[in-house]
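Over in TrEMBL, the protein carries these features:
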TRANSMEM  19-38  transmembrane segment
DOMAIN    24-632  domain 'Major facilitator superfamily (MFS) profile'
TRANSMEM  90-112  transmembrane segment
TRANSMEM  200-228  transmembrane segment
TRANSMEM  248-272  transmembrane segment
TRANSMEM  327-346  transmembrane segment
TRANSMEM  366-387  transmembrane segment
TRANSMEM  394-414  transmembrane segment
DOMAIN    440-495  domain 'Kazal-like'
TRANSMEM  610-634  transmembrane segment
Amino acid sequence: VVETQKRGQNHFHDYTMTLFGYLFIVALSFAYFSKALTGTYMKSSITQIERRFDLSSTHIGLIDGSFEMGNLLFLAVVSHFGAKLHRPRLIAAGCFLMAVGAFLTGLTHFFMGRYKYDTVIQVFQNDNLSIAACVDPLKTLDHVPEIQIEPSLEDNKDSGSSMWIYVFLGNALRGIGETPVTPLGISYIDDFAKAENSPFYIACLQTITLLGPMFGFLLGSYCARLYVDIGYVDMESVTITPKDSRWVGAWWMGFLVSSGLLLISSIPFWFLPRSMPKQESEENHETPVCEILNKTEDAQSNNQNFKLTEIAKGFLPSLRRLLGTPAYFLLLCGNILKFNAFIGLLTFKAKYMEQQFGQSASRANFLIGVLNLPAVAIGIFLGGLLMKRYKLSVVSGAQLSFATSFMSYLLMLLQFGTKCDNIPIAGLTVSTKGVLYSREMLFSECNRDCFCSAEEWDPVCSDSGITYISPCMAGCLSSSGHGKNTVFHNCTCVSTSFPAGSSTSVRLGQCPHAKDCSRSFTSYMAISVLSSFINALGATPGYMVIIRCITPELKSLALGIQTLVTRTLGGIPAPVYFGALIDSTCLKWSMKSCGGRGACRIYNSDMYRIIFLGLITCISGSSYFFLIAVIILLRRQFRKPEKDTDKQEQKASKDFELKTPLNLTEEIRDNVTVNANSIFHPFFAGCNYYIQCWVLNVTK
């Protein structure tokens, strides 16, 4: 009866701990989903924040890098100390901090005034009022104050531009909160899962995690379509569209939504146990669970008795052992370079699609969310499935990761051929005669007497496809309609550029790209999706190489150091220097009322493409030298045990032939022990055992 009760208790504990294990995986998946959604929403809102706070790409890269700065402060300490403390509760605290950071970022919007942009017609709502953008010197000066009202509209911008500091702090706080989630969550799973199940669990976790970026970009697409002050202004008075470089979407809304998700994700971790027993293999399934639980409780009580000073003493030796592993160190160097390219691409990919192909921020985020990210999710899942199905070794996993990454790199080179020409802009990219012009040559004979400002940006499009930076620069003398439907007439710069009888009217907004640009954009998206899928196939094998190439007790520290170093040397500087190089391709900057430089309005598309794609391919290509060295090193490291095992087997077989039958039983047991502990599959060890037993019986 007592034995039956013990067995029942064992089965109950076994079921309970299994349930806790799956609950932890589900809770961690939702936490990963929430933090990934928030992070990618931040990436998708880069353009909106840049325009709202009137910042350059360099400054916006600094704001984006503040997340990694927060990680840098605590990641190494949390990864080391967290493995010896209550990991689920540390994860819960991290999720709560991320929720606070996201809420602070979105709350910044309510501390600022209404968004105002440059336009000559913002205050005019009367259909009967004609706007003379180009002031005729023959007219009285009484009309001038009505027309030159634009500089005063910039006054509100500078009063709120310093508020970007709160966005910086909120993003940094979110980075601090994310610190315990990744290293402690992965190590917790790998501690209780079977060796053959751990890659599959991690692959499922990463696949569910990729739903977060997908929904993050979709949320960013939706919010980018909504005007920033929606609900507070009459949308009929807004004269710009989402494709306009002055448009700012409701960027703050997504941060409030993601803050709520992060807060919910923190709740389950407060109720999970500190640690769980290792899942037993089938051959060890009969081991009493109570014994395992007792060992686990003893380990927990011992860990609780540890003092922080004793834990700290082991940090530097552990770090020295970790960095002294050649395979891990080389893999870390390669991952730093790959992470630089990945962060630069992810941060400015949507902006590249806007500037190169004329897509709106909403459409760019939508396409990334529904095309690129599902391909990445499928690729990561299939990569984990391949490792589980074929039981790939560390060397095979490294080879698969390298092959898929290199194929993706070759496909990325094809993106240099998918391009769109610069939009013809009078005085910036072309003159009215089709000749390249500099910024100083914005004025010509047709608008020299219009008293125009070279700093304003209120583009209008002529029927010929040429964009003018403002109605004044086009020399327009009258207008009809109001709001978005305003049309300017009698534009002298348009009439002097084309034969008599041509239309001299212009309409609000920038001219679209040529028709063949849509075909180039389709080719670009096809290459991008295929490249993302192939590269994702090697993500899980590459991740498992990091875990398996070092000793088990250093897993948490290895993952933490990898995240720390890659984000320090990749996540922080990459957005800044990518942004600085992108700024160098700007053709027209907005100007603040204080005289400072604001956000860029239009870029040189050709230079943008060459610098952006060239930088990504150069950084990614240099990382493959380290990956090749890792594969060579792993081959030598894991070929050595095979040679030692072969020598032991040959020696055992020779001794087996020379010895007498009386010593056969003892010798075979020793030989079976050697083979059972070898690196070969247990199936071969079992076959070896039965063959030698059969030989023993025949000899007897």
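Note that Cβ sites are derived from N, Cα and C of the backbone, with glycine treated the same way.
Note: TrEMBL annotation is automatic and uncurated.
What you are looking at is a predicted structure, and each value in this text was computed from that prediction instead of being measured.
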Top partner of the transmembrane segment (366-387) among 90-112, 200-228, 248-272, 327-346, 394-414 - counted as Cβ pairs under 8 Å: 200-228
At an 8 Å Cβ cut-off, counting only pairs 6 or more apart in sequence, do the transmembrane segment (248-272) and the transmembrane segment (200-228) clear the bar of 3 or more pairs? yes
Go ahead and report the DSSP secondary structure tallies for the domain 'Kazal-like' (440-495): helix first, then strand, then coil. 9 helix, 11 strand, 36 coil
